[in-house]
């Protein structure tokens, strides 16, 4: 049989394709529990990070949205964490945001996943940017390129204005949702 | 078949300097320009690419006589893609931090012309032991240049190396170095310096 016959070409590619697919199936089955565990672990860590001091976390459904309520050891509600996502510069940005409902402010934010440019937009995960939202009161946030003047200002990362604006937009959206679900404070 | 160690060493050394993929052949530019904005990213990207390169060179060198010439390119791509997918899952499962920082560039190793280029130019024409030597040489050659580029750009762009702050607050970072333009500038200067060295030597 001639080596370059059509039958031979199809056969070769099919065999390589089948072997590759088989091997990758095993790799997928082997790694996916670890990948899922990593993601679950990340989410748990993120909730603990944004609701510091919470002993127990309760998952609550409200208006079709999932909220994570954090309670202290003596049963007091410390705050509520909410996972929100939206488009960034390259892909989806997923954030965990901790809210202090009583005082109408954000505790802290944590970035669960993103596809921003490494070294630029990816710096939304760094403390320097995240500190913008520590104890931030609810309101209309303004992204600025200079050090923040008012308490609603958010200082953008230099070279990554779009990532900064989009992240702020996701947080703004989360604030709207949490105010709707939990009402205006007390 | 006697193994000629001198020849093997030549194949290995080839990738490190004489035919270094980045500064000599100037191939594989997509990850070179995109992810070298920090030392750590450069190193991780280099090692991931080297792994895929070595593994696919071994496989292709082993089955080179079974693949009809007309479908050799799609066959190479299938084999490379399998190893890339493996690397992607593996990093996500066991090194989530590295996977997160390189994100989209790991799957993009498939289209790195360094890898396909070496299969076509070397692995499909030479025995397995030479293919391994070539893979390791080219892989390490790619890694060291990527790491150096990352180090230079991180140093000037953020004042740090491997995330460790070296320059104090007095240093005003040259943001352009971590932006895409900085990759072109650094690479151009690096290739120029390498040419100068080899011309004199």
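Heads up, the Cβ atoms here are built off N, Cα and C, so glycines get one too.
From a predicted model like this one, the values you see are computed outputs, not experimental measurements.
Among the residue ranges A:9-30, A:31-52, the one that TrEMBL annotates as transmembrane segment is A:9-30. The Cβ of residue A:161 (FMN phosphoryl threonine) lies under 8 Å from the Cβ of A:143, A:145, each of which sits 6+ residues away along the same chain.
Sorting the domain 'FMN-binding' (A:88-178) by DSSP state (H, G, I as helix; E, B as strand; all else coil) yields 30 helix, 28 strand, 33 coil.
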